[in-house]
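Quick look at what TrEMBL annotates:
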type	residues	note
DOMAIN	8-60	domain 'Myosin N-terminal SH3-like'
DOMAIN	69-763	domain 'Myosin motor'
BINDING	GLY163, GLU164, SER165, GLY166, ALA167, GLY168, LYS169, THR170	ATP binding site
COMPBIAS	600-613	compositional bias 'Polar residues'
REGION	643-665	region 'Actin-binding'
COILED	915-1105	coiled coil
COMPBIAS	1116-1130	compositional bias 'Polar residues'
COMPBIAS	1136-1147	compositional bias 'Basic and acidic residues'
COILED	1155-1231	coiled coil
COILED	1323-1364	coiled coil
COILED	1410-1437	coiled coil
DOMAIN	1532-1808	domain 'Dilute'
Amino acid sequence: MAASELYTKFARVWIPDPKEVWKSAELLKDYKPGDKILLLHLEDGRDLEYRLDPKTKELPHLRNPDILVGENDLTALSYLHEPAVLHNLRVRFIDSKLIYTYCGIVLVAINPYEQLPIYGEDIINAYSGQNMGDMDPHIFAVAEEAYKQMARDERNQSIIVSGESGAGKTVSAKYAMRYFATVSGSASEANVEEKVLASNPIMESIGNAKTTRNDNSSRFGKYIEIGFDKRHRIIGANMRTYLLEKSRVVFQAEEERNYHIFYQLCASAKLPEFKMLRLGDANNFHYTKQGGSPVIEGVDDAKEMAQTRQACTLLGISESYQMGIFRILAGILHLGNVGFMSRDSDSCTIPPKHEPLSIFCDLMAVDFEEMCHWLCHRKLATAAETYIKPISKLQATNARDALAKHIYAKLFNWIVDHVNQVLHSAVKQHSFIGVLDIYGFETFEINSFEQFCINYANEKLQQQFNMHVFKLEQEEYMKEQIPWTLIDFYDNQPCINLIESKLGILDLLDEECKMPKGTDDTWAQKLYNTHLNKCALFEKPRLSNKAFIIQHFADKVEYQCEGFLEKNKDTVFEEQIKVLKSSKFKMLPELFQDDEKAISPSSATSSGRTLLTRTPAKPTKGRPGQAAKEHKKTVGHQFRNSLHLLMETLNATTPHYVRCIKPNDFKFPFTFDEKRAVQQLRACGVLETIRISAAGFPSRWTYQEFFSRYRVLMKQKDVLSERKQTCKNVLEKLIQDKDKYQFGKTKIFFRAGQVAYLEKLRADKLRAACIRIQKTIRGWLLRKKFLRMRKAAITVQRYVRGHQARCYAKFLRRTKAATIIQKYWRMYVIRRRYKIWRTATIVLQSYLRGYLARNRYRKILREHKAVIIQKWVRGWLARTYYKRSMHAIIYLQCCFRRMMAKRELKKLKIEARSVERYKKLHIGMENKIMQLQRKVDEQNKDYKCLMEKLTNLEGIYNSETEKLRSDLERLQLSEEEAKIATGRVLSLQEEIAKLRKDLEQTQCEKKSIEECADRYKQETEQLVSNLKEENTLLKQEKEALNHLIVEQAKEMTETMEKKLIEETKQLELDLNDERLRYQNLLNEFSRLEERYDDLKEEMTLMVNVPKPGHKRTDSTHSSNESEYTFSSEIAETEDIPSRTEEPSEKKVPLDMSLFLKLQKRVTELEQEKQVMQDELDRKEEQVLRSKAKEEERPQIRGAELEYESLKRQELESENKKLKNELNELRKALTEKSAPEVTAPGAPAYRVLMEQLTSVSEELDVRKEEVLILRSQLVSQKEAIQPKDDKNTMTDSTILLEDVQKMKDKGEIAQAYIGLKETNRLLESQLQSQKRSHENEAEALRGEIQSLKEENNRQQQLLAQNLQLPPEARIEASLQHEITRLTNENLYFEELYADDPKKYQSYRISLYKRMIDLMEQLEKQDKTVRKLKKQLKVFAKKIGELEVGQMENISPGQIIDEPIRPVNIPRKEKDFQGMLEYKKEDEQKLVKNLILELKPRGVAVNLIPGLPAYILFMCVRHADYLNDDQKVRSLLTSTINSIKKVLKKRGDDFETVSFWLSNTCRFLHCLKQYSGEEGFMKHNTSRQNEHCLTNFDLAEYRQVLSDLAIQIYQQLVRVLENILQPMIVSGMLEHETIQGVSGVKPTGLRKRTSSIADEGTYTLDSILRQLNSFHSVMCQHGMDPELIKQVVKQMFYIVGAVTLNNLLLRKDMCSWSKGMQIRYNVSQLEEWLRDKNLMNSGAKETLEPLIQAAQLLQVKKKTDDDAEAICSMCNALTTAQIVKVLNLYTPVNEFEERVSVSFIRTIQMRLRDRKDSPQLLMDAKHIFPVTFPFNPSSLALETIQIPASLGLGFISRV
C-alpha cells in the first residue's frame, strides 16, 4: 500500500513541537512522491508549511482514527509510535480520569496526585477471578493475573514496579500486596497478611522521606516475596532491601526532609515515655533542620508515630525493643548536634561536658570520655607499630556523620531482619509472588554514586524486560505458526559490560579503593585511559576532567567522580564501633554483631541472599594486623552481588511489569506535562515495547472478530460457511501487499497501519451507505411534506372563500339594522332630555320654598331657647349665693361652740387632779366588790339555764330552719317578681315621658328630615352602588381566597401524604436494616460455628493419632455426635443421656484473626448492652415517677393490690396442693396389688372419685376468685375516674344582701338600665346552659343504656359459663376480663387525652394487672391441661381394670354389688394425625427421613413438605404423651441433621431448596398448631383439635426461623455461584441482537470475544437456569412469597454483577451495548411476566442497570440533556454516572465522545445529591428474608407414609 493512499487530503498527522512535544495537524492536499513540503492546518487555526528532512525524507507520523483513541491497550492502536502513545495516555488521563493503561505486557500507571475510589474491597471482588483483558486496566488486574498464573501454572511470579521518585511505586506495590491479602482466602485462618501489610508503615517511617518530587519517597529498593501454601493462601513473607540512601541521615537538600521517623519522634516528644529521650522540636537538631521544611502539609507526625508503634506491636516488637529503637534514633539526632572546636589545623576538641554528646552517651550507655576521645582521634596501624593521631575539625565532622549513617544503616537492617523473622513461616512454602518496588532511571544536574547504582540496576531490569517481551512475541508467532524473522531490538548488554565486566567501571572503582592513596581524580584518569575512544557508550565531558558520560538505554547521563570512592568504601572508624559495642545498652551491641551471627531470614534461605546495606565487621579471630590487610567488601561489590541474585530470582519467575509515570513536577492533580511524560516513557521501556510490537505484527484479530467487524466490506457471494476462508478471500482483495498480514491458526496478524486502512475503507463504505440512505429518506420526507402542504393549501382556500362570502352577507344585515336602531334611538334621546328639564324645574321650586320656611322656623326657635336659658341661669346664681351664706353662718357657730367646750374641759381636768376626788371614789369600794361577786354567781346560774334552753332551742331551730328556707325561696321568687313588676312600671313611666319628648322632637325634626331625605337618598344610592362594586370585588377576592385555600389544602394534603409515605418507607428501611443486621449476625454465627467445628476436628485429629489399619465408621452416626452442636435455652439445663463424651480439650494455637474478630464483636455487644442498660434505667425512672404519683392516691388502691397478691399466692398454693394430690393418685394407681384394689368401691377407686370431686370444687373456687378479681378491677376503675363534684350554684343570700344595699342607697333606678341590658345576655346564657344540660342528660341516658347492655352481656356470659364444663369456665372468664380491660383501656385513653401523665400512670398499672392475669391464666391453663390429660389416662386404665375384673366376677356378685355410673370411653377408630415411634428408633427416623433422603424422588413422587409433616406428627405424639425429653431430643436431632446434610451437600441447589422448603413448612406447622389465636384463624375445627396441648415450642420456632435464614443465605450463595459465570457473558458480551455491536481492534491483552462460541454462555443460558431454579422451588412446594424473595435476590445479583462489569470495562460502554443491555433486560422482564412474578420487586433491582443502559443511549451534548440525565438516573450514584460518561467509547466514527465540559456540567448539577461515594454495587448483598405465615389446608389425618421412605417402625395413632 503506497504512502499516497494514506497521506491524502484531510488525513491527520503528528509533527514535532518544542512545547507540546507533538502537535496534531491536518493535510490540506494530497501528498505525492517527491514533494518536499506538506501543507498542514493546525488545530489552533493556523496553516503551516512542513518541510521534510531532505536526507531521510521521512513523512510525519499518521494519527489514529478517533474511535481508537483512548484504548485500554496501547498495542491496539493501528499506528504504533511515540505521539500516538502520548496522546492516548493524555486522553485517558485528562478526559476519562483513567490512570491505568496497558502497553502490551506492561501496565502504565500515572500518578493522579488525588485519592480515587477505585481501591475498595468491592473493586477487589470485581477483579477477582477475571481474565486480564476482560476488565479495564488496573493494578488489581495485574495482581490477579499473577495470582492466577501461580495457581494454574504452579510457577512463581514477580511484579516489577518501577518509576521515578513520586511516580507512585510504593503505593502501587502496597495495593498489589493488599490484593493478595484479600483474595488469598486466609483471613479466617491466619493473620499473616495483616502482618505483611503492617510492615508497610514501619518501612515507610524508617525508609521514606520527603523530597522535592514526592512527600513520601522511598529512599531504598525492596523486594518482598509473599509465600503461599498448596491451597494458595498466604503463609509468610520475606523482604530484601537495596541501596538505602544513608547520606540523607546527615544531609538534606532544601525543601526536603530526613526520614519520617525522626520527625515523628520530635512530634511525640511530650509523651511521658519519651521524656527520657530529651527531644524537642525538629528545628533544634542539625540532622532535621537542614532542608527548612520540617512539616508536610496534611500529615500529622504524632498520629503517624502512633500508627508506627501500633504496627510494631502487631509485628511482635515488644515495648522494650521499641523504646530501644527510639533511644538509638534519638541518640543519632543528639549526635548530629555534637560540635567541634579547632585547636590547630590538624586537631580539634569537644568542649567539656558538651550537652549533646553527654545525652548521646547516656542514651547509648557508653563512656563519655572515651567517645569524646575517639571522635577527635583515630588509630593508625602500621607493620611496626600502632599510634593515635588527632584529626582536623572537618575530618571529625565527617567521622561523626559516618558514624551516624552507620548506626542508622545497622538499625535499618536489624528492623528488616526482625520483620522477616516475624513474617517467616514454619510451614513449607509451595510458591511465592515477589513484588519489586525499585527506583526508576534517574538523571539530575549533579549525578553521583547513588544515581550510578540506580541506573545500573535499571539497565539490568531493562535487559530482562526486553528479553521477556521478545520471548512472548516469539511464542505467539510459533503458536500461530507464523513465519517470523529476527526482530532487531535494542540490546543494552554493552552498557552492562561497561559497568560490571572485568576492568569495567565497578571493577576499576574497587581497585582504586584498595589503593592507599587512591582518589577520585586518579580513578577518573583510569576510566579515561581504559574506556575513552574504545567504548562507544563511554564519553568524557569537554570542560571537565572529574566526570564521565554513559549512554544508557534511556538517555545520556553525566556522573561527577567526586565522592565515588568515599561512598563505595563506606568507612567508619573502628574505635568508635568498639566503643558502641562496649555499651551497657543490650540492644546496641546486637546491631554490630559479626556477619556470621547476624544472619537475616533472607540470608538463611537456600539462595543465600544478603542485604545490600550490611557492613561486615572484622573477624573475631586472627592476627591484630589482619584487619588492615583484609578489607571488607565495597558497596558497589555488594550491590552487584545483590543485583545478580535479584536477576536470578526474576528470571526464575514469570514477570509482570508496572511502570509508574509522574505526570508533572508540581504534584497538581490530573495535570499532564507532555515533556516529563515522554522522558519517563523513554526511560521505563514502554516505547521500546511499542517499537518491538510495531516491528512485527502488532494488530491481531480472530477470524470471527474480523468477520463481524468488516462484514460490511464483503459482498454476499464472498461470504462462505467457513469463516477463515472468507477472511482470506476478502483480505486478498482489500490489501494487495501480502507482506502486510499473515494468517495464523486462530488469528489474523496485521502490520502497523493496516487496521487503520481497513477502518478507513469501512468508514468510507458506511459513509456511502449513509449518504444513500439519507438521500432516499430526505426525498421521501420532502415529497411527503409537499403533498401535505398542497392538500393543506386547497383546504385553506376553500375555507377562506366561504368565510369571505359569509362576512359580506353579515355586513348587509348589520347596515339595515343600524338604520332602524338610529331612528328609535334619536327619538328616545330627545324625549328623555325634555323629562329631565321638567323634573329639574319642579325640584328647584320645592327646595327654594322649603329653604325660606326653615329659616323662619329656626329664628323663632332660637328666641324661645334663649328665654329658657336666662331663666335657669338666674335661678342657679340665686341658689349659689344662698348656699355660700349658710356655709359661713354654720362655720361661725362651730368656732364659738368649740371655744366654750375647751373651757369646760379645762375645769374638769383641774378637779380630777385633786386628793378629795380620790377619797370620794374609794368610799364604799369593798361593798361594791362583794355585790359584784354575788352578781357573778347569779349570772353563772343563769348561764347554765340559758345553755339548757339553747340546746332545746337548737333542735327546734333545726326543724324550723328547713321550713324557713323553703319560705325564703318562695319569698325570693316573689321578691324577684315584684322587682320585675316594679321595674316594668318604672320603665313604662319613663318610656311614656321619653315618648312625649320624642314626639315633640319628632315633630320639630320632621321637616328637617324631609329636607335631608332626598339628599340622603342620593347619597345612599351612590353608596349602594359603591358597596355593590366593593361587594363584587370582595366576592372575587373571596373566590380567589377560597381557591387559594383549596389549593393550599390540596398541597398540605399532598405534603402530608408524601411525608407519611416517606416516613413509612423510612420505617420499612429501618426494619429491613435491623432484619439484615440480625441475619448477618446469624450468618456470622454460622460461620463461627463452622470454624469451631473445623477446629474441633483438627484438635481431634491431633489428639487421636490414627493407628495402622482401616476402621470403617458408621454412616448412621447419631446427630448427637454430628459436626454441628445445637444449643438453646431449653437444652442448656438438661443434657441428653445418650450424648457421647467428647475428648478432653487440648491447647491449640491461638487464631489471632478469629480472636480479634471475636474481641471486636464482644466490644459491639458490650456497647449494645450499655445502650440497653441506659434505656432500662430510663424506663425504671419513668416507672418510679409513675409509682410516686400512684402513691399519692388513696390507700385503698394499695389495699386492693395487697388483696390481689394474696389471692394469687393462695391460687399458687392451691395448685401445689392439686399437684401433690395428683401424685398421690398416681401412686395409688401404680401399686401392684390384686384386681380388687381397682374395682368400684375399692380404695383406689374411692381415691379417684374423691380427686375428681375435689378438682370440680377447685374449679368452682377458681371461678369465684375470678369474679372477685373482676369486681376489684371495677372498683379500681371507679377509683381512677376523676370526681368532678363542683358546686356551681350561687348563694341566694348574697344576692338578697346586694339588693338590700341597693335599696338602702337608692340605686335601683340607676341599676335598672344595666339590668335591662344584661337581661338578654342572661337569657342567651340560660338557653345555652339548657342545651348543655340536655346534652349531658342524653349522654347519661346513653351511659345508662350501655350499662344495661353490659349488664345483659354479663348475665349472658355468666349463663354461658355456667353451661361450660368447669375446666373451661376459668379460661372463658379470664378471656372476657382481658377483653373488658382492653375496652376500658380505650375509654381511659380518651378520658386522659388532655393529661398524658395520668394516662401513663394508669397504663402502667393496667399493664401490670394484665400481665399478672395472663401469667395466672397460663399457669392455670397448663395445670388444668396436665390434670385433664392425666385424668384421661387414669380413667382409661381404670376402665380397662374394671373390664378385666368384671369378667372374673360371677353374675350373683354383679347383682349384689351396687351399680355405679361409670363413663365408658369410646374407642376412636379415626386417625388422630399423630405418629408414634420408640425412643431407640429416633436415630433411624432421622437417618431415613433426613440424612439419606433423596430430594428429587420426594419432590417428584410425594406431596411437597412430606418430611416436615411427618416430623411434626411425631412431635405431636410426644406432646400428647407429655414427654418433654422426647420432644427436645427429636427437635434437636432434626435441626442438627438438617445442618449436617447442608454441610455435606451444601453446594447442591436442589438439596438446599428442598430443606429450605421443608424447614419453612415445619415452622408453619409449629405455628399453625401452636394453639395461639393469631395462627388459628384459617384452621378447620378438626385442625384446631390437633393443636399442641402440653408444650409451648415458641423458642424452638425461633431456632427453626434462624435455621431457615441460614439455609436461605446458603441457597443464595449456591445460586450466586451458579449464575456468576453466566452473567457477564450472557448479559454483556453475547450479541443477542446480531450485527448491532461492532468489535473494535484489540491489543495484546485480549478481551473475551463478544461472538458466541461453543461453551460460552448466552442470555438463553441465564433464562434456562432461572427456569430450572423456579421449577425446582415449585416442585419442593416452597412458599410463593419466599420464591419471590429468591427471584428478587437472583435479579439483584444479575443486575449488580452486570453493572459492576460495565463500570469497569471501557469497551462495553457504547451506544450499541446499551441497546443490547436493554433488550436483555426486557427478556428478563418477560420471564417475570410469564412466571407471574412482576410484583416480587425483582424488576426494581434492575433499575440501576436499566438507567445505565439508557445513559449510554441518550444524547450527551446540551444543558437540557444534562438536566434529563440528572432526572432520569436517580437510581445511579454520582460516581457511577460520571464513570459511565468517562468510559463512553464510540464504536463507529459516526458516534461522538462525551466532552469534558458536559461531564463537569453533570457533576455540578449532582453536587447536592447525597448518595454513597461507592462506585460499585455490593454484589454480595443479601436482602433480609422474611417467612410470612402460610397455613396448610392439608389435614394431618389424611397423610399416608409411603413405604419407600423406610419408616415402617412408625405407627399411626
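Even glycines carry a Cβ here, placed using N, Cα and C.
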Q. Once the chains shown are all counted, how many other Cβ atoms turn up within 10 Å of the Cβ of GLY166 (ATP binding site)?
A. 21
(Q) Just to be sure I understand the packing, how many Cβ atoms besides its own are within 10 Å of the Cβ of THR170 (ATP binding site)? (A) 23
**Q.** ATP site, defined by GLY163, GLU164, SER165, GLY166, ALA167, GLY168, LYS169, THR170: further same-chain residues with Cβ within 8 Å of the Cβ centre
**A.** ASN111, ASN214, SER217, SER218, GLY440, CYS660, LYS662
Q.
Using a Cβ cut-off under 8 Å and a sequence separation of 6 or more, which residues in the same chain sit near GLU164 (ATP binding site)?
A. ARG213, GLY440, PHE441, GLU442, CYS660, LYS662, GLN680, ALA683
Q: Can you check which residues sit near SER165 (ATP binding site), meaning Cβ under 8 Å from its Cβ, same chain, 6 or more apart in sequence, and list them in order?
A: THR211, ARG213, ASN214, SER217, SER218, TYR439, GLY440, GLU442, LYS662
Q: Any same-chain residues 6+ apart from LYS169 (ATP binding site) with CB under 8 Å of its CB? Would you list them in sequence order, or say none?
A: VAL161, SER162, GLY163, SER218, ASP437, ILE438, TYR439, GLY440, CYS660
**Q.** Model confidence over the coiled coil (1155-1231) (mean pLDDT, whole number)
**A.** 56
Q.
Given a separation of at least six residues and a C-beta threshold under 8 Å, show me what packs close to ALA167 (ATP binding site) in the same chain.
A. ALA109, ASN111, GLY440, CYS660, ILE661, LYS662, GLN680
Q) Who sits close to GLY168 (ATP binding site): which same-chain residues at least 6 apart have their Cβ under 8 Å from its Cβ? A) ALA109, ASN111, CYS660, LYS662
Q.
Counting across all protein chains present, how many other Cβ atoms fall within 10 Å of the Cβ of GLY163 (ATP binding site)?
A. 27
